[in-house]
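Engineer: Take this structure first; my questions come after.
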Amino acid sequence: MLGTVLLLLALAKPAFPGPASVASRRAEALKRLLEVFGMEDPPPPPAHFKKPPQYMVDLFNTVANADGVTKNPDILEGNTVRSFLDRTHSEEMRFLFVLSSVAKNEKILTAELHLFRLWPRVTDGPKRHHFCQVSVYQVLEKEKPDTPGGKKLLAARLVSLQTSGWEVFAITPAVRDWTEDESSNQGLLVTVQSLGGSPLDPPPLQFASGRDHHESRKPLLVLFTDDGRRGASLPTGGFPGGSHVPVPKPAGSRRTRSVNRLQPCQRHPLSVDFEEIGWSGWIISPRGYNAFHCKGSCPFPLGENMRPTNHATVQSIINALKLSEGVSSPCCVPDKLYSINLLYFDDDENVVLKQYDDMVAGSCGCH
């Protein structure tokens with residue numbers, strides 16, 4: 001896959017003249033590059049400036065370094081995390097999340113409802129409660145959720161009335177129902193009760209709604225999925241070295257190119273700039289990354305520093321001794337690949353974190 005990316009990036013800016021040909025090849029190259037990222041068309045940039053949910057930004061920074069390269073590969077069970085904002089914009093504790101952007105081939109792993117708990121209301125007299133029970137229901141009958149069979153309990157928990165902050169509830173069964181049958185999505189209902197189960201009016205506990213509260217506190221549905229797109233090798237962590245590596249200047253003369261071919265197999269920087277490609281409007285992080293590429297010769301005899309496979313060693317011997325016609329020397333290629341992560345806006349302006357395998361050459365060897 002990495003070799004395909006390198007070829008496409010080279011085609012994106014061909015050196016030969018011909019405006020129509022250049023535009024056509026660039027369009028085809030970028031189309032193929034989109035396929036590498038699992039997309040048919042680039043999502044349009046948000047119509048208005050939108051700040052991504054802080055949870056998604058923090059998750060990206062935990063999983064990846066500044067270049068998007070995976071540094072903690074064991075955090076995500078799948079390869080995709082989607083976030084959805086509440087569409088009801090109501091002060092009532094009813095929530096609706098539209099999941100139409102979830103692809104049919106995505107396997108639902110975990111779904112979480114994130115609600116920001118506000119400071120308790122100030123009431124007259126001494127406080128009689130330190131905790132209350134918060135329950136989250138899947139609405140089955142939109143107009144009559146309180147009737148028998150009108151809702152299904154998903155999660156319940158005792159919540160302190162002495163603090164504020166985020167509360168996270170697991171709602172995976174409901175989301176699986178909604179992705180199988182979109183018409184069954186009647187939203188969620190959250191109730192606040194006393195420890196004995198009786199209603200509290202007015203409820204001492206409130207959660208931030210999607211209407212009047214700050215963007216950073218709006219209700220959020222976080223969905224962890226796997227789309228089945230896995231590379232040949234699994235990520236094993238971030239590669240050594242800094243994030244910002246200078247991009248080498250292209251070789252100018254024939255003599256320089258000849259000298260380069262005589263250099264031993266090693267890794268060289270390769271900058272991928274999303275702004276230069278034209279994707280900066282919808283990609284939040286990173287702004288680009290270093291894919292690296294492998295270049296150099298694999299001369300006989302292959303030393304351990306060339307990281308040769310047994311097959312490459314045998315091929316090198318056959319080539320050097322001319323024991324068989326048409327056998328070339330081994331090639332300098334990536335022998336370890338790392339994944340990268342993109343944080344971006346999808347077609348519905350939801351924020352998505354997606355991990356892509358085999359995107360960065362971690363090291364090179366003679367194969």
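Glycine is no exception: its Cβ is also placed from the backbone N, Cα and C atoms.
TrEMBL: automatically predicted annotations, no manual curation.
As annotated by TrEMBL, signal peptide applies to 1-17. If you look up TrEMBL, you'll see 235-260 marked as region 'Disordered'. For 254-367, the entry in TrEMBL reads domain 'TGF-beta family profile'.
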Engineer: Averaged over the domain 'TGF-beta family profile' (254-367), what pLDDT does the predicted model reach?
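Structural biologist: Averaged over the domain 'TGF-beta family profile' (254-367), per-residue pLDDT gives 86.
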Engineer: Under the DSSP assignment, what numbers of helix, strand and coil residues are found in the domain 'TGF-beta family profile' (254-367)?
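Structural biologist: So the domain 'TGF-beta family profile' (254-367) is made up of 28 helix, 47 strand, 39 coil.
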